[in-house]
Structure formats: C-alpha cells, structure tokens
Amino acid sequence: MAKIIYDNETTFDALKDKTIAIMGYGSQGHAHARNLHESGLNVIVGLRKSSSSWAKAENDGLKVMTVAEAAKAADVIMILLPDENQASVYYSEIAPNLEAGNALAFAHGFNIHYNQIVPPKDVDVFMAAPKGPGHIVRRTYTEGIGVPALIAVYQDATGNAREIALSYVKGIGATRAGVYETTFREETETDLFGEQVDLCGGLSSLIKTAFETLVEAGYQPEMAYFETCHEVKLIVDLIYEGGLERMWHSVSNTAEYGGMTVGPRIINDESREAMREALKRIQNGEFAKEFVLEGMVNHPVLKAMERQEKEHQLEVVGKQIRANIPWLNREIDDD
C-alpha cells in the first residue's frame, strides 16, 4: 500500500531559503506559482519573452524572467511545459544554468523515465504531481483544502530531495488532502495507461461507438447523444464521490441489473488483452518513441485525428444541444 503524508507531518523548512522557478504559466503553472507564493515561498516564473502569459503572471503579483534567467536564479526548477517541449527547452535554456545542488522538478515522469531528459548527477530530481487540473488545484487551495498529489524522488544528490518535494507539495496545498509516494516509473506508466485505456481513449471510443450504434439503428442523434454522452457526467460524478458501489446504489435496479450483466460482454476478455498490449507498449517504450517521433514532425497524425473528431456527428449534435442549455458551465481551461 502507498504511504500517505498529511499536512501536519510536513514543514516548509526545506524551501525556506530557496528560490523556486516555475517554468510555464499554463493550467498547472499558474496554480503552482500562485499557491507557492501565497504560502510564503520565494517564487519566480520563467517564460519566453513573447509569451502571452508574461503580463498575466506579473498581474498576479509574480516576478517573471526568461526561462534561462529563471533557471540561473533558482535553486528549485519546476518544469511545467508540455511533455513534447520539455527536452528542447531543458537542453537549450535550463541545463546550461544548472548548478550543483539545484533541484529539478516535474509534475509527470515522461521525460525522465524515457530518458528524453538526462540530468547531471549533482542535482536532485523529484516529482510533485497534483491529481487534478490546474484550476482545481488553485480553487481548492483558496478554499483552504487541496487536491491529493504524488511525490517521487528520482535522484537525491543532496540527501534532501524528499524533504524538498514534501515542502513543495505542502506549498501547493496538496498535503491537506494527502500525498502519496511513488516512483517515476510507476507514475509515468500508470498515468499513460489510464489516459489511453479508459480516461481518454477508452471512454471516448466507448461513447462514440455507442452513439454510432444507436444512430445506425434509426434513433434520433439527439436522443443518442443524451443517452451515450451527456449523461456520462452524472455517472462519473457518483463514482468520483463514492466509488462504483455508490454509483450502483444510486441508479435504478433496471440500470444496475442491465449494467452488471451486459457490461462484461462489452468490455470482455478481448478488451482485457488489448489493455495488456497497450500496457506492454508503454512499459517497453514503444509508445514513447512513437509520440516523440510524431512531435518531431509537428504532430501530423494527431492533427488529422483532431480534425476527424471535430467533424464527428456526435460533436456536431453535442454542440447544438449544449448551446440550448443556458445553465451549463461552458468554461474551458484552454491552457
């Protein structure tokens, strides 16, 4: 079982006299920077000179520098850039400014685990990964609570990497909800698996296939959308709040019996084998290699799939339905 650390077990001592550079000011970046700053820690933000976020970060009361300047000024450097951009920025702007005893931090282990970034041996390397999007990390912090987070130490050059990681997650509010210790390998492989197999890939494919099945059978697309997509949130919220048991307890007996008897026929042994194959490709690095190569040529496959998704009938119908629901929260975190 994972070890869980709470607020009363941690202090800010390991970061008290250090400067923390947050590289990036997107969804996670703005939340980390503002939470750490409001926790009384010394925070700077590293951005490109041309970044539209420069003025935003300054307006939020933060000191902003270029990435290279921030790396040179900082003791702890948290890289909160897209996975595919991290290595190039690291080698061109961060690595030349690293000093022995500095700490490199990540919110996801992809680049370290798959050796896209190979840090020098004389710096600490740790992970601080909140299990929620940036706007939730920020909102819950301001409410006096927080979201759970993961920590991991990949390299402990100073002998103090774990304490720095714990002070960091305390600063973003995560210890209020509980912090779980893991490894870079475990976080990376389980995170990618979840994204691909159920949270993003599996769920979206299940929704689209169910929608297409109803429409092909002659049902109105609007009815198909409500039953296969719109109501997903109702079910997911129940699971999020109380697990599968809460969900089964809350739905009708008809839904419970039908779901329990038919569900295993849909997600069956063939599906399980496909999941094992997806996990194998994550573990052996095949997926990482494919993704890195795709990024090197500016993501042509991803862009084509995004266009196809946007044109899918489910998306067209869904957009029309959502436009007619005035109370629906349509806030999108573009970052």
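Note that the numbers count up from 1, one per residue, in the order the chain is shown.
From the backbone N, Cα and C atoms, a Cβ is placed for every residue, glycine too.
As the structure is a computational prediction, the values presented were derived from the model and not from experiment.
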Of the candidates Gly132, Gly134, Gly144, the one that Swiss-Prot places in the NADP(+) site of Tyr25, Gly26, Ser27, Gln28, Arg48, Ser51, Ser53, Asp83, Glu84, Asn85, Gln86:
Gly134
What is the separation, in Å, between the Cα atoms of His108 (active site) and Glu84 (NADP(+) binding site)?
12
So what's the average pLDDT for the domain 'KARI C-terminal knotted' (183-328)?
97
Among the binding-site residues listed here, Glu84, Glu195, Glu227, Glu231, which has the most company in the form of other Cβ atoms within 10 Å of its Cβ?
Glu84
Could you state the whole-number distance in Å separating the C-alpha atoms of Arg48 (NADP(+) binding site) and Asp191 (Mg(2+) 2 binding site)?
28
Taking only the binding-site residues Ser53, Glu84, Ser252, which one has a CA atom nearest to the CA atom of Glu227 (Mg(2+) 2 binding site)?
Ser252
Around Asp191 (Mg(2+) 2 binding site), how many other CB atoms lie within 10 A of its CB?
18
